[in-house]
Amino acid sequence: MSISGKKILIAISGGIAAYKIHFLIRDFVKKGAEVQVIMTPDAEQFVTKLSISTLSKKPVYTDFYSDNGTWNSHVELALWADVMIVAPCTANTLSKMVHGMCDNLVIATYMSAKCPVFIAPAMDLDMYMHPSTRKNLEMAESFGHVVIPAESGELASGLIGQGRMAEPETISNTIDHFFNSHQEAQTLQGKVVLITAGPTYEALDPVRFIGNHSSGKMGFSLAEEASKRGAKVILISGPTAQTINDKNVELHKITSAKEMLAKVFEFYDNIDIGIASAAVADYAPKEVAKEKIKKNDENLTLELVKNPDILKTMGEKKTHQFLVGFALETQNEEENAKGKLEKKNLDMIVLNSLRDEGAGFKNDTNKIKIFTRTEKKEFDLKSKDEVAKDILNFVEAQLLK
Ligand code: PMT
């Protein structure tokens, strides 16, 4: 599996080797990876946010708050990443990592990370050989992290010995090797998976619509994960900012519920698994005004008519398909989800509740419960990529029964 499409979180700490990270970022971006950089406050003495963000094409974070007051969530950053690389990792940052001294964004993010962590130490040779550094590196390895050893040569101090951060090429090869050797099992090889994603927009007039907050993230994560497992994926999405570049995923963009229904049934007979993560508008305006509605009166009454229930129709026409629905609830969550499982003739339903922080719309995270007619399983708050894995693991387990 290539590095393309992977999410790489680079944490830069304050050492002269930080200048080499520009080359590493450029290399990852060229290979098609998404790169997010965070830095310790001291790292800013060595490299600028401007140069790093120009190369990574994303804002660079050094603190929990940006200047405009936005909160840079260490948890979301950590859960987003497929791998985290701490490079250069100074003696100070290494020590904080292994002892849990959580006093900056880099360490808080590191301590929230569930992904593999790679450490590229860089320091002067005596510091590198010091028993405390040796011990800290050993501890890092005992946590399961990969240490990319410092190389020998001339150091910034003028001394010659081991301590130079590994060259960007070496770090990049290590990460390449990691992804190549962690190819996911092709457990959905030969299966066709149809996924609905995003919102639907129901036009009122040429400029306005009724819509909702769905970002499409959950559906796109499911599509990516199903593709990684070897499935052919038909992704039918309402208007979103999400993109996907994957040869196994056929993306069909639609706008309204009626268009989504028509697109689903172009493929329905030949799919093995259907997953409805779209937030479909339940109602649409009865009439779509040909011209922009003028604001002549104090009140405007809209007549709405029920949209087709796409998933219910899929359930009614089910022959061999395994159907997964979603339930987005705000109250009586479990009861409502189980009701939808029955009413729509589903095999499984994924419940997310807007009462759980970090769950549902827009966030990069979700918290779900899965129900079948006989089982219930509850999951922790996770990135939507991880949630997609849990859902597909559950689907696969059901298919084996
Ligand atoms: O897109 P994100 O920002 O990542 O957010 C993800 C999500 C919150 C949208 C997603 O996790 C989710 O919960 N999707 C379903 C939202 C929803 O419309 O739930 P519902 O309980 O109203 O609908 C139940 C099921 O019927 C859903 O599978 C839905 O796709 C389907 N449905 C609903 C109405 C309709 N007219 N046609 C349908 O197919």
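Glycine too: its Cβ is placed from the backbone N, Cα and C atoms.
Predicted, not measured: the structure shown is a model, and the values here were computed from it.
As recorded in TrEMBL, the features of this protein are as follows:
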{"type": "REGION", "residues": "1-192", "note": "region 'Phosphopantothenoylcysteine decarboxylase'"}
{"type": "DOMAIN", "residues": "6-175", "note": "domain 'Flavoprotein'"}
{"type": "DOMAIN", "residues": "188-396", "note": "domain 'DNA/pantothenate metabolism flavoprotein C-terminal'"}
{"type": "REGION", "residues": "193-401", "note": "region 'Phosphopantothenate--cysteine ligase'"}
{"type": "BINDING", "residues": "ASP282, LYS292, PRO308, ASP309, ILE310, LEU311, PHE326, LYS340, LYS344", "note": "CTP binding site"}
ILE310 (CTP binding site) in three-state DSSP notation: helix
ILE310 (CTP binding site) CB neighbourhood, other CB atoms within 10 A: 24
Other CB atoms within 10 A, centred on PHE326 (CTP binding site): 24
